[in-house]
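Report on the structure given below.
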Amino acid sequence: MNYLYLLLNLGSLSIPFLFSFHPKLKFYKLWKPLFISLFLSMLIFIPWDIIFTVKGFWGFNNTYFLGITFFNLPIEEWLFFICIPYACVFTHYALLYYFPNMQLKRGVTKLISYFLALVFAIIIIYNYNKWYTLINFTVALGLIIFTVKKHTQLLSKFYLTFLVMLIPFFIVNGILTGSFIENEVVWYNNNQNLNFRLFTIPVEDSVYAFSIILIPLVLMQYFKPQKKVIN
């Protein structure tokens, strides 16, 4: 099934894309700041992805993608950084539209942030020789420190919406890492991660998801009209 990865991308995008034109949500009006933010996010994640692929820290199973590659990455991997963040940013917005009080108190948000920052820092210190763990948790640590200082309100809502987004994340990423199928779509060199998995998913992937969703949301704060702010 050499189109599986493509189907996962398009399947993840399909419903959020269609509902972007919902007369109440009108998410399409945020496309400009969103796509600028997604492009800037890709400037971070694509080079990281290319280097890790070349170094053999992770790779892709030819059985599950079309065979078209750019800079050693399947075209489906490039699409991943558009389809998945788009779907997640839409979900964040939709949840807040229908549940406007979905927000933690400022003090609780800071407490969670400082706790996560401490945990991430400890993991980094004790696993500095594992590249996926090191880079992944370092990016997330810096992101949390910046966001809790500059966009606390965004973070107070994101912590809750992210918990909801973890449900489809475990389904999609589970398939990518070998759940429900014969072999994994994406394989990992366990010498470069904690070698601890949630089902078939490396624990680092949940932190990776945290970053690829939150970074576009943070960037959007600087590119969208203030009257249309999504926190």
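Cβ coordinates come from backbone N, Cα and C, glycine included.
Taken from TrEMBL, the feature domain 'Lycopene cyclase' covers 2-92 (among others).
For the transmembrane segment (6-22), same-chain residues at least 6 beyond its ends with a Cβ under 8 Å from one of its own Cβ atoms are 28, 31, 65-66, 76, 79-80, 82-84, 86-87, 90-91, 94, 168, 172, 175-176, 185. According to TrEMBL, the feature transmembrane segment maps to 6-22 (among others).
Look at TrEMBL and you will find 34-58 (among others) tagged as transmembrane segment.
Summarising the annotation, TrEMBL assigns transmembrane segment to 78-99 (among others).
Annotation source TrEMBL lists transmembrane segment at 111-128 (among others).
Positions annotated as domain 'Lycopene cyclase' by TrEMBL: 129-223 (among others).
Annotation source TrEMBL lists transmembrane segment at 134-151 (among others). Counting residues 6+ beyond its ends, the transmembrane segment (134-151) has Cβ neighbours under 8 Å at 44, 48, 109-110, 113-114, 116-117, 120-121, 123-124, 127-128, 204, 207-208, 210-211, 214-215, 218, 221, 231 in the same chain.
Taken from TrEMBL, the feature transmembrane segment covers 158-181 (among others).
Residues annotated as transmembrane segment in TrEMBL: 206-223 (among others). Taking Cβ pairs closer than 8 Å, the transmembrane segment (206-223) reaches residues 30, 32-34, 36-38, 40-41, 44-45, 81, 84-85, 88-89, 92, 120, 136-137, 139-140, 143, 146-147, 150-151, 154-155, 158, 162, 165-166, 169, 173, 198, 229-230 in its own chain, all 6 or more past its ends.
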Outside the transmembrane segment (158-181), six or more residues from its ends: residues with CB under 8 Å to it: 4-5, 8, 12, 64, 84, 87-88, 91-92, 95-96, 102-104, 109, 112, 188, 197-202, 205-206, 209-210, 213-214, 217
For the transmembrane segment (34-58), sequence-distant contacts whose Cβ falls under 8 Å of one of its Cβ atoms, 6 or more beyond its ends: 71-73, 77-78, 81-82, 85-86, 89, 131-132, 135, 139, 186-189, 192, 212, 215-217, 219-220, 223
